[in-house]
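Colleague: Can you keep this structure in mind? I'll have questions shortly.
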Amino acid sequence: MQDQEEERMITNQPKEEDLILENGLRPKFLVDYIGQNSVKERLKIFIEAAKQRQEPLDHVLLYGPPGLGKTTLANIIANEMNVNIKITSGPAIERPGDLAAILTNLAANDVLFIDEIHRLNRTVEEVLYPAMEDFALDIIIGKGPSARSIRLDLSQFTLIGATTRAGQLSSPLRDRFGVICKLELYNNKQLTAIVKRSARILDAYIDDEGATEIASRSRGTPRIANRLLRRVRDYAQVKSDGRITKRVAEEALILLEVDSLGLDNTDKKMIETMIYNFNGGPVGLDTLAATTGEERNTIEDVYEPYLLQMGFINRTPRGRIVMQKAYEHFNIPSAE
């Protein structure tokens, strides 16, 4: 099922092409970053205060669904602070020694960005506690009764952690972040602005209606908006005169099997499973995962945020239920 998810045009998980091309489309400073206004305003104040005191920014936790700009914000913070950034991920730091090597190579006030920080193993996480709190590493020398601990001072730094699953962070780790920001799904106006900005960078002509059409099918996610823009640009180049209008965008997105709300056949399968197998719910997450063949985390991180925002499903203490709006969109008669 992982391969199936990677093939989806509207997945919010990064594809290899996204990772290559996103760097060119990413804004470099807060003034160019579209959306997340509350988060931006807070970060602007905290960054300016840290610069005035000539101190590192307090540790930052960014959380929310994939594709909303957590990595972009981390790079922007480093740029605004005029410091270097080291980028890694929770799964990549397998041993305490791996983390120690990274920390000891940071210069004063540098940013360490750990994506998927909820996937750090516990032994690595415990090394991080004194590093975050005291800018120090506690190293154990020797074994058994003769073992002793020495403390190694580190340069002051800012840790930025990113996660799609803030609830999986341990309390000791979460409590050490001084700045915690939740990123929300984008509205169509914000996504339209992102599509138009990206089109300018890609040197692609797009009119307002064409940009709005792509934005409306992007599931509230900039990563998806930029991916759809690139595919619509391909279609416009081969099947039209290269100009992205509403008509061209509609034709391209029909070909890509992305409907007017940004839903595809996988979303339809998820909704139909809940309706036909479980009478519209409630259905437990584990049961839904087993029935659809999708992983539990994939359902929670990839499908649910947008379906919830659209009012197609609802979460209850007893499980997920399908809402009337989903029946209407997919032309399925609702149960009497």
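Using N, Cα and C of the backbone, Cβ positions are placed for all residues, glycine too.
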Colleague: Suppose a student reads Swiss-Prot and sees Leu25, Arg26, Gly67, Lys70, Thr71, Thr72, Glu133, Asp134, Phe135, Arg176, Tyr186 listed for ATP. Which of Arg217, Arg219, Arg223, Arg227 should they find annotated at that same site?
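Modeller: My reading of Swiss-Prot gives Arg223 as the candidate in that site.
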Colleague: If you average per-residue pLDDT over the region 'Head domain (RuvB-H)' (260-336), what number do you get?
Modeller: 87
Colleague: Could you break down the residues of the region 'Small ATPAse domain (RuvB-S)' (187-257) into DSSP helix, strand and coil, giving a count for each?
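Modeller: Residue counts for the region 'Small ATPAse domain (RuvB-S)' (187-257) by secondary structure: 51 helix, 2 strand, 18 coil.
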Colleague: Closest of the binding-site residues to Thr71 (ATP binding site), Cα to Cα, picking from Arg296, Arg315, Arg320?
Modeller: Arg296
Colleague: Please report how many Å separate the Cα atom of Leu25 (ATP binding site) from that of Arg315 (DNA binding site), as a whole number.
Modeller: 35
Colleague: About how far apart, in whole Å, are the alpha carbons (Cα) of Gly67 (ATP binding site) and Arg296 (DNA binding site)?
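Modeller: So the alpha carbons of Gly67 (ATP binding site) and Arg296 (DNA binding site) sit roughly 19 Å from each other.
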